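> According to TrEMBL, the domain 'FAD dependent oxidoreductase' annotation covers 7-373. For VAL167, the entry in TrEMBL reads FAD binding site. Summarising the annotation, TrEMBL assigns D-dopa binding site to TYR256, ARG328, GLY361.
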Amino acid sequence: MVTEKKDIVVLGAGVIGLTTALKIQETGRYNVTIIAEILPSDPKNIKYASQWAGAHHVSFTKRDHFQHPLDKETFEEMWRLSQNEASACFLQLPQTEFFTGEREQPSSLEHMPNFRHLTTDSEEVIGIPGAVHGEAFTTVTIDVPSYLNYLLSRFLGSGGRIVRGSVQHISQIAESGAHAFLPPAERFSSDGFPRPQKKPKAPAAIVVCVGLGARFLGGVEDADVYPIRGQTVLINAPWIRWGKTLSNLAAMEWTYVIPRRTGIVILGGTLEPNDWNATPRPETTRDIIERNLKFAPEIIPAHLRKDAEKPTLDDVLPLVVEEGCGFRPGRKGGLRLQAGSIQAPNTDRTIPVVYNYGHAGAGYISSFGSARVSLELLEKALQEWS
Ligand SMILES: Cc1cc2nc3c(=O)[nH]c(=O)nc-3n(C[C@H](O)[C@H](O)[C@H](O)COP(=O)(O)OP(=O)(O)OC[C@H]3O[C@@H](n4cnc5c(N)ncnc54)[C@H](O)[C@@H]3O)c2cc1C
């Protein structure tokens, strides 16, 4: 017996919406439509965090936190992709994390390939100003523009659909699905005048992956969602094939070098909760470069320095491609991975709603794990409500 595929609408086309939509579409049991205001191929936009990420896979959730296995699961999938069909989107590289305070043990990174602790008296730690401990391992960095487009093309290739639209309230979708956002030829019949509307169809379920947009989307309006501003400097430095971070968590200061496969290197960074300034601040750009020159002077090889002994701001400036600034979608209480429901207006139908947002600085890191949980929540809710 052939069962009809159920229509699912996913709101949002950041790394979370795309990965979740892909996971659902690839089961072969659903017709998934993504509706999103900003799409992966659009110019960078402050309403779309995924374009601003470094991004590397370095899990910082505690080992007993529910998100930790999701991070591990995602790493395994990204490692596999980096060796296979999506190798052009990833760089496998040695990574070192340095800490200015004692690190909770056991480390949340012990599962990473080639993991080793670096003690206070190890040569690597002694060379880093302020560091007392370190962890070295192998990981991947993600070339986010090509990776988002890879996810999108894989989703489209498996039969999914994406339409642009700014949704004001999830009840719009609960009643009429993607209808209001479809091209006119699909919304209206060609015969008669005025052209009659084609009949809108409610979806079987809605999945909400709108990141920071969850604070504003009608029917969700999650007041716990807030921006964690992150400013970065992108330089062209293809000789850098290692990553490193210096975390001073007491001061909320985070200095990092994230090279992408393309040769672009992201220097970071900042962690600024509830800071809504969407423009890079020049004094922060300068501070990021100066911090990185102290932490990782080897970003400028000797032959590119004016003074071979010590690199300066002037050595870095000709390499700068862009100053970046994005809002990580933070959430008090952490990520929301949950099922609920909405009453479809003017009907007695209850439509399941799955929430998958609020990943803060770990959207890439836990993307596949949280997409898998979303699929499980979706299938359970569909059984309960239909
Ligand atoms: C500087 C910086 C560095 C980072 N580095 C890393 C890193 O190294 N590793 C890592 O894992 N993460 C990193 N992050 C965090 C990561 O970028 C986010 O966790 C992730 O991008 C969140 O993805 P998302 O899909 O939830 O949200 P977004 O990417 O913001 O996507 C939201 C989507 O929802 C759509 N939308 C919102 N509201 C509506 C609406 N009402 N109607 C229709 N569409 C709507 C938007 O248009 C968009 O398509 C970094 C972030 C920053 C800023």
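Backbone N, Cα and C define each Cβ position, glycine as well.
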> Applying the rule Cβ within 8 Å of the centroid of the Cβ atoms of TYR256, ARG328, GLY361, what extra residues of the same chain belong around the D-dopa site?
ALA53, GLY54, ILE228, GLY230, TRP254, GLY268, GLY269, LEU271, ALA360, ALA362
> Using CB under 6 Å from any atom of ligand 1, narrow the binding-site residues VAL167, TYR256, ARG328, GLY361 to the ones that qualify.
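Cβ under 6 Å from ligand 1: VAL167, ARG328, GLY361.
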> Across the listed D-dopa-binding residues, TYR256, ARG328, GLY361, what is the farthest Cα to Cα distance, given in whole Å?
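Those residues reach a largest Cα separation of 16 Å.
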> Are there residues of the same chain, six or more positions away from TYR256 (D-dopa binding site), whose CB falls under 8 angstroms from its CB, and which are they?
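Looking at Cβ-Cβ distances below 8 Å from TYR256 (D-dopa binding site), excluding near sequence neighbours, one finds GLY54, HIS56, GLY243, LYS244, THR245, LEU246, ILE266, LEU267, GLY268, GLY269.
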> List the same-chain residues at least 6 positions away in sequence whose Cβ sits under 8 Å from the Cβ of GLY361 (D-dopa binding site), in sequence order, or say none.
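In sequence order, PHE60, ILE228, GLY230, LEU271, ARG328 meet the Cβ cut-off.
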> Within the domain 'FAD dependent oxidoreductase' (7-373) only, compute the mean pLDDT.
95
> May I ask you to report the DSSP-based helix, strand or coil state of VAL167 (FAD binding site)?
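DSSP assigns VAL167 (FAD binding site) to coil.
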> I want to check the contact list for the residue listed as 'FAD binding site': same chain, sequence separation of six or more, C-beta distance under 8 angstroms. What comes out?
LEU11, ILE35, GLU37, ILE173, LEU217
> What is the Cβ neighbour count of ARG328 (D-dopa binding site) at a 10 Å cut-off, with all protein chains included?
23
